[in-house]
Amino acid sequence: MPPLALTLGEPAGIGPDLTLQAWAQRFALKLPPFLTIGDPGVFQGRARALGLDVAVEPATPDSAAAMFPHALPVLATGHPVTAAPGRPDASSAPAARAAIEAAVALVRAGRARAVVTNPIAKSVMYQAGFAFPGHTEFLAALAADGGPAPGKPPRAVMMIWSAVLAVVPVTIHIPLAEVPRRLTRDLIVETATITARDLAARFGIARPRLAIAGLNPHAGEAGTLGREDEDIVRPAVAALRAAGIDARGPLPADTLFHPAARATYDVVLGMYHDQVLAPAKALAFDTAVNVTLGLPFVRTSPDHGTAFELAGTGHASPSSLIAALRLAHRLATPSP
Ligand SMILES: NC(=O)C1=CN([C@@H]2O[C@H](COP(=O)(O)OP(=O)(O)OC[C@H]3O[C@@H](n4cnc5c(N)ncnc54)[C@H](O)[C@@H]3O)[C@@H](O)[C@H]2O)C=CC1
Ligand SMILES: NCC(=O)COP(=O)(O)O
């Protein structure tokens, strides 16, 4: 069976630590084999810093699974890394980018089963000319290149998934001040449609129940606390229902996340990033996984970022990365 492809991420962050820690628990946790993509020297150096006895071996997609029990298989991209733990350096951004590109190429060629990404530092990538808000949009562009519809990237949707809560931000990495202007009926409908489709096709939820949060306090209080909920969100929900999708809203976001409310839906669509990522991380920081919907391949990632202050200290928890590896394995495994 081909391995999962796990990217380097930001080399000055905790990604290398988590990768080594996850591999060290491969037997205890019965982890699926993964091929790490990046500079092998980063993983050798971080293993020394952490006092972990990990053999780091050059590997290919074909050799990774057999090697995985006794060594961390690493596919070198040839991009050197200069950043030290906790001290990001934009000159390493090409290595982070190359690992993502290589992982996608392997999955698209059938040589890896899914892409699992370690966190990147967006500001560091931007300094190096990275023109995408994050992985989500970059992966959509990579999915289009040479694919069935070259030049027309699929719409990629971010979902933070855990056993207790799944959330989707309709707008993602944009300034809060821009949210009302960028929020449209069509954007909500498209995001919800992709979410419903992938929850059914990939997560096995036959008829997903979507709770659509309002933008304003009390979902706009009948238009008296902002018009967006009446003028944009409500028509979007009506269009979704007309299309046969089980959507409800606009719902006041402040009362959407208590246990009784959570029992009434499979996923919440929020209008902006922190509206839904904050409750998701409050409830399940250690186990939540970032899953990209709408792509022609499976991609997962931990729910957290680079945590520079923890890099090389041994205090970072690998649990979200482990959950991401497990979910990627599950989603990439055809159901019997
Ligand atoms: N998928 C990705 O590539 C993501 C990347 N980021 C990037 O990460 C960078 C730092 O972002 P922050 O907002 O500081 O978020 P962060 O998630 O890196 O850190 C937030 C807090 O959580 C702690 N933390 C994070 N991961 C942890 C772990 N595995 N174990 C224990 N504690 C952990 C940190 O020490 C910090 O106190 C930013 O440049 C951002 O762009 C953030 C989220 C996702
Ligand atoms: N806050 C989530 C995040 O930053 C992850 O974004 P992406 O890199 O997966 O697009």
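Cβ from N, Cα, C; glycine included.
Per TrEMBL, the features are as follows:
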- His135, Thr136, Lys281, Asn290, Arg299: substrate binding site (BINDING)
- His173, His218, His273: divalent metal cation binding site (BINDING)
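Projection of TrEMBL feature records onto the structure.
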| residue | record | Cβ contacts under 8 Å, 6 or more apart |
| --- | --- | --- |
| His135 | substrate binding site | Ile100, Thr117, Ile120, Thr292, Arg299, Ser301 |
| Thr136 | substrate binding site | Ala156, Val157, Met158, Ile172, Thr292 |
| His173 | divalent metal cation binding site | Lys122, Pro133, Gly134, His273 |
| His218 | divalent metal cation binding site | Leu225, Pro252, Asp254 |
| Lys281 | substrate binding site | Ile160, Ala288, Asp303, His304 |
| Asn290 | substrate binding site | Met158, Met159, Ile160, Trp161, Thr300, Ser301, Pro302, Asp303, Ala324 |
Would you please pick out, from the binding-site residues His273, Arg299, the one with the fewest other Cβ atoms within 10 Å of its Cβ?
His273
Go through the binding-site residues His218, Lys281, Arg299 and pull out the ones with a Cβ less than 6 angstroms from some atom of ligand 2.
none
Which state, by DSSP, holds Asn290 (substrate binding site): helix, strand or coil?
strand
